[in-house]
Amino acid sequence: MPNSYQYLFLLSFSLTLGLLLLVRTWVSSFLTARDIHLRNLILIGLPKDPQYPDMDVHSIQDFIQNFSQQDAIALVQTPAFLASASVVAVTFYWLLFGGERKPVLNPNEWKEFPLVLKTQVSPNTALYRFGLPSSRDVLGLPIGQHIQISAEINGKDIMRSYTPTTLDQFDKGHFELLIKTYEKGNISRHFSLLKIGDRIRVKGPKGAFIYNNKLTGHLGMIAGGTGITPMYQIIRSSVWDHSDATTINLIYANVNEEDILLRDELEHLHHNSAGRFNIFYVLNNPPPGWKGGVGFVTKEQVAHYMPSQDKNCKILMCGPPPMMTAMKKHLDELKYPAPRTVSKLADQVFLF
């Protein structure tokens, strides 16, 4: 089934072809009405009288002399000429300033990007937006992979990996990182102290997981805290891809309700997924009237919300180490294969 880009291409092709045929008809009618025939251009350089080839020949000057100034003024005022000029101008602009830009990321080279916006989303978490060199640039990050951040802290180069919440197909000219500040966290505290205009060093893409809409039929996701970021990127890509039929179930655990990150965005994706994407929230400290899970994620919740291990499915996990240890135990008891120390794309259980 054609996607939206293919429909757009067919529409633009049909409109361009129709415009060219219309322009051809207008130009031909205009010239014919003034007894100017394009076939005469073919005669340029040939003798005017084949019996006397040494005499005068047809020339461009002859054509120009027959084409008066009034004819030229009338021609540039016709809809055909104006339409043609518009097509040429748009094409010229697109060739100079449009088209696809090369990805900015380089896996072998550190690049610096300035902070252009900081949005506080919870008491200890903020969304940091970094600008790319051009408003048309894309980061160049495959869906499911991450970037590496480097900062000099107390005389040492400290590196951490983060997954942007932005996607190349939707977000141009910038990328965003959702980062929770920890009291003893080196890089996270470094981010919290950044001011607008300060720059960070980035390298990538990194990671073994790359999502595509044919990867699997069912995705089960278990996330805690900022571990939602790789999940959100994949969910967002899948829901807005109308050729993607993957079903996605997410268990998302946090301490308090205000710690639920990207909640509005996740709910929006749920309501626009036609039932393909569903969320189950779990809180350690739920408010009165809370209808989600309470405490820690249980084996029963995993069994209920995750796809059965005998299906065409994958389980993706990302969150605090203690939580991930508990989830591995649950999955093992439910007969899922154990994740490797370093997960591979082919694994049924993938730990970011």
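Using N, Cα and C of the backbone, Cβ positions are placed for all residues, glycine too.
These numbers come from a predicted model, not from an experiment.
Over in TrEMBL, the protein carries these features:
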BINDING   Arg160, Tyr162, Leu178, Lys180, Ile187, Ser188, Thr229  FAD binding site
DOMAIN    108-212  domain 'FAD-binding FR-type'
TRANSMEM  7-27  transmembrane segment
TRANSMEM  72-96  transmembrane segment
Next item on the list: Drop a 10 Å sphere on every Cβ of the binding-site residues Ser188, Thr229 and tell me which sphere holds the fewest other Cβ atoms.
Entry: Ser188
Notebook entry, point to check: Between 0 and 100, where does the mean pLDDT of the domain 'FAD-binding FR-type' (108-212) sit?
Noted result: 94
Notebook entry, point to check: Residues near the FAD site, Arg160, Tyr162, Leu178, Lys180, Ile187, Ser188, Thr229 excluded, by Cβ within 8 Å of the Cβ center?
Noted result: Leu177, Ile179, Phe191, Thr226
Notebook entry, point to check: Residues with Cβ closer than 8 Å to the Cβ of Leu178 (FAD binding site), same chain and 6+ apart in sequence?
Noted result: Val121, Thr125, Ala126, Leu127, Tyr128, Thr165, Thr226, Ile228, Thr229, Leu261, Leu262
Margin query: Measuring Cα to Cα across Arg160, Tyr162, Leu178, Lys180, Ile187, Ser188, Thr229, which the record gives as the FAD binders, how far apart are the two most distant ones in Å?
Written below: 17
